[in-house]
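A.B. asks: Residues or ranges marked as signal peptide in TrEMBL: 1-17. Summarising the annotation, TrEMBL assigns substrate binding site to 86, 88, 210, 213, 313, 341, 345. Summarising the annotation, TrEMBL assigns active site to 120. Under the heading active site, proton donor, TrEMBL lists 165. The feature active site, proton acceptor is assigned by TrEMBL to 347.
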Ligand code: BGC
């Protein structure tokens, strides 16, 4: 029986009684035809491709429309690269659902969970909306809402990066008053996020900074123990896979001897590239009793040499788009290269009169002018494109 579109719509609307042998196809909102069950004891990135989300694609389209050829065509290709979407405020949870429409079954949707009370305790650029102490709002208005959304899309696979910088800050910035005040909320919030978002269609990675942060000899063990306790406090969730490194970072994957290896301090840090960091920190995590596979943000590490210091993090000049998302990493502990920071979105404002101005964004190696964290910076995007390696 051949049915016209109009007849199908009439059936679906219930205006016409459907013949007994005719089942109105369920309007799938994307995803697979049945519920997704991810096995976090395996590398899911060998069967799923990071989804190029429509939110970033639209940002890139808008950017390309301001450019002339041949660069505009190259720019548009950036929108086809799988990139994580950041749920950086309660209000911005609304960005997720439109981007979930039409995700193919073999794609995995990358989502960054990023709204802890007292967020970004050792810096200012990404200070969040929730003040220290607002843990109940974090749970009920943020994490519970994310969980409900993910449950609404059981046929779609999700990869989560949980709370960039939060636990690493507790390890290395314990002397900063704001981090002391935030500590209890970070620990409770991260454990709650892991437990509540432990859903069958999810694989979880907790943020572990980068090699120039927790990779120092003296930071490996306390860092691993801090992350492992969050995992254990969450009840050792089944969908937990390990850690995320270099999120919004600039480190090279396997450069030898490493960008900062000739620095006098290098003797105290064996994690001179992210590959070494994944292996060293992965080993420390195994000792601490936590699953230890990693994903690595390679989105902006195409061109080294821009940073004056290893710890410089804000809008690094002369950087470029880096390795594309892939599960071919050459390291058994590294599940995949991914793009977490959407290249073109700012790390922080260079306006020294702004409330969230951080002095790192005023350093000689920080791109200026730059808008507030998360806002689009057209000139920076064009620079990343020009310096991309591989080229577009
Ligand atoms: C900002 C967020 C933004 C994210 C991705 C962070 O530095 O604080 O607002 O969503 O970067 O660009």
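Cβ coordinates are placed from backbone N, Cα and C, and glycine is handled just like the others.
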A.B. asks: Can you tell which of 210, 341 has the most other C-beta atoms within 10 Å, given these are the binding-site residues?
C.D. replies: 210
A.B. asks: With the Cβ under 6 Å from ligand 1 as the test, give me the qualifying entries from the recorded positions 120, 210, 313.
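C.D. replies: Passing the 6 Å Cβ check against ligand 1: none.
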A.B. asks: Take the C-alpha atoms of the residue listed as 'active site, proton acceptor' and residue 88 (substrate binding site) and report the distance between them in angstrom, rounded.
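C.D. replies: The Cα atom of the residue listed as 'active site, proton acceptor' is 13 Å away from the Cα atom of residue 88 (substrate binding site).
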A.B. asks: What are the sequence-distant neighbours of residue 313 (substrate binding site), meaning same chain, six or more residues apart, C-beta distance under 8 angstroms?
C.D. replies: 123, 248, 249, 250, 347, 360
A.B. asks: In whole Å, how far is the residue listed as 'active site, proton donor' from residue 88 (substrate binding site) when you measure between their Cα atoms?
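C.D. replies: For residue 88 (substrate binding site) versus the residue listed as 'active site, proton donor', the Cα atoms are 13 Å apart.
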A.B. asks: What does the structure give for the C-alpha distance between residue 341 (substrate binding site) and the residue listed as 'active site, proton donor'? Integer Å is fine.
C.D. replies: 13
A.B. asks: Can you give me the same-chain residues 6 or more apart in sequence from residue 165 (active site, proton donor) with a CB-CB distance under 8 Å?
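C.D. replies: Looking at Cβ-Cβ distances below 8 Å from residue 165 (active site, proton donor), excluding near sequence neighbours, one finds 120, 122, 126, 207, 209, 247.
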A.B. asks: Determine the minimum-neighbour residue: among 345, 347, listed as recorded positions, which Cβ has the fewest other Cβ atoms within 10 angstroms?
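C.D. replies: Each of the recorded positions 345, 347 was scored; lowest Cβ tally within 10 Å is 345.
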A.B. asks: Under a criterion of Cβ-Cβ distance under 8 Å and sequence separation of at least 6, what residues of the same chain contact residue 213 (substrate binding site)?
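C.D. replies: Residue 213 (substrate binding site) has long-range Cβ partners 168, 172, 219, 311.
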